[in-house]
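Written below as structure tokens is the structure these notes are about.
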Amino acid sequence: TISCTNEKQCYPHCKKETGYPNAKCMNRKCKCFGR
């Protein structure tokens, strides 16, 4: 898991992981969403 303070920090990681730059920052951790 990637730690974060806002979801913008998660986008590059999630784009790599799921192919979509969709993410939320929950409890200081990135949560990726496909589509």
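Each residue's number is its place along the chain shown, starting with 1.
The backbone N, Cα and C atoms fix where each Cβ goes, and this holds for glycine too.
According to Swiss-Prot, Cys4 forms a disulfide bond with Cys25, chosen from Cys25, Cys32.
The Cβ of Cys10 (disulfide bond) has Ile2, Cys4, Ala23, Lys24, Cys25, Cys30, Lys31, Cys32 as same-chain neighbours under 8 Å, each 6 or more residues away in sequence. Following the DSSP three-state reduction, the secondary structure of Cys14 (disulfide bond) is helix. A straight line from the CA of Cys14 (disulfide bond) to the CA of Phe33 (site 'Aromatic residue of the functional dyad') spans 8 Å.
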